[in-house]
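Submitted below is the structure of interest, expressed as structure tokens.
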Amino acid sequence: QPHTGRLALYLLGLRATCPPASPQRSLVTWLKYYLEEDWTGSRRHGHPLTSYYQYGLGVLALCVHHKRVRTEVIRRLLTAQHHGKLGHGGNTVDTEAVVALAFTCLERRRLVGTGLAAELRAAAHGASKSMAKAQGPDGIIGNIYSTPWALQVFLATGVCQTEPAFGQAMAALLENLEAFGTAATMAQVLPVLHGHSYLDIASMHCREELDTLTPMDMEPLTEVPGNKMVRLVVECPLPWCYELRLYDRPVPVPAAASLLDVLGAAAALEPHEFKFHTQDTPQGPFLTQVLGLEARQEKRNYWQLLTAPNTPLQMGIADYRPQDGETLILRLSEW
């Protein structure tokens with residue numbers, strides 16, 4: 001499967017570090033190749049082999065490196081947005097945001113003709129309005145990890161001064177900074193905290209950049225003594241299952257255990273009954289299979305994480321640390 005998203009993120013990071021030479025030239029060529037491979041293998045389904053999120057990242061990275069993108073590639077994203085096909089793990093905000101940033105970059109860098117530029121501008125502003133409507137009462141847009149992406153779109157499209165959702169989302173972000181503990185999530189939130197988006201990488205004046213990077217001594221996490229009991233529930237509604245509740249057990253774990261630790265403890269307690277699988281992503285492990293039931297993008301379903309009775313979690317399985325006595329629900333859901 002093409003490594004579209006991973007290579008795109010690497011190229012964005014490489015550009016931001018102001019490399020002295022041009023080691024990225026061959027990597028840019030590889031990214032162009034991946035964009036074609038990503039689509040060619042899936043013409044029958046009408047979407048990329050990876051996801052529109054990764055595909056949009058690829059177009060954004062090429063634009064940031066001042067490389068032209070074939071009109072057909074851009075049209076694929078425009079068509080997907082127009083027909084509401086931008087789905088990603090049950091949450092479309094991050095995918096819509098990445099695509100909107102790519103559109104804004106192509107239009108701003110004048111890498112497309114006048115007519116197409118107008119379409120891209122309208123599509124990006126449409127995505128911005130859609131994200132504002134998707135904002136919850138807590139200020140979060142989509143989930144806490146999608147919120148920096150939405151804020152980048154507000155900044156890139158220039159609506160941050162007039163859009164009330166911007167200030168509310170920024171306040172929510174500042175209240176939840178502890179959620180951003182991985183390199184990938186930090187990379188999404190840091191530009192926003194400084195009033196920038198990934199588009200600003202394209203216009204950096206590298207000769208003015210000072211080498212101020214210094215190693216940071218990381219203090220180990222403090223051990224939390226004692227244990228806690230977490231109730232783990234697995235739900236599978238129709239049409240996938242005839243029985244809604246497939247698993248319901250209390251699971252004893254150390255006091256500092258994450259949701260991922262809870263899943264591991266459940267598997268250790270009942271290795272023949274409780275099984276799960278995860279997939280590594282830049283944002284951390286992503287839950288893909290529970291009790292033999294696999295969530296797949298082509299089936300438009302995913303494993304939703306909730307705390308009882310019905311509150312979606314704003315963190316991933318490796319970051320969320322449940323309280324003693326809390327009930328966690330893994331629910332196979334449709335997006």
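The backbone N, Cα and C atoms fix where each Cβ goes, and this holds for glycine too.
Worth saying up front: this structure is predicted, and the values here are computed from it rather than measured.
As annotated in TrEMBL:
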type	residues	note
BINDING	T50, S51, Y52, Y53, Q54, D94, N143, Q188, W303, Q304, L305, L313, W335	cyanocob(III)alamin binding site
DISULFID	C63-C105	disulfide bond
SIGNAL	1-23	signal peptide
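Can you tell me where each of these features sits in this structure?
Close to C63 (disulfide bond) in the fold, though at least 6 residues off in sequence, lie V69, A102, C105, L106, R109, L111, A202, each with a CB less than 8 Å from its CB.
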For T50, Q54, N143, listed as binding-site residues, tell me which one has the smallest number of other Cβ atoms within 10 Å.
N143
Please list residues from the chain of W303 (cyanocob(III)alamin binding site) whose Cβ is under 8 angstroms from its Cβ, counting only those at least six apart in sequence.
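In sequence order, the residues whose Cβ lies under 8 Å from that of W303 (cyanocob(III)alamin binding site) (at least 6 apart) are L287, T288, V290, A295, L330, R331, L332, S333.
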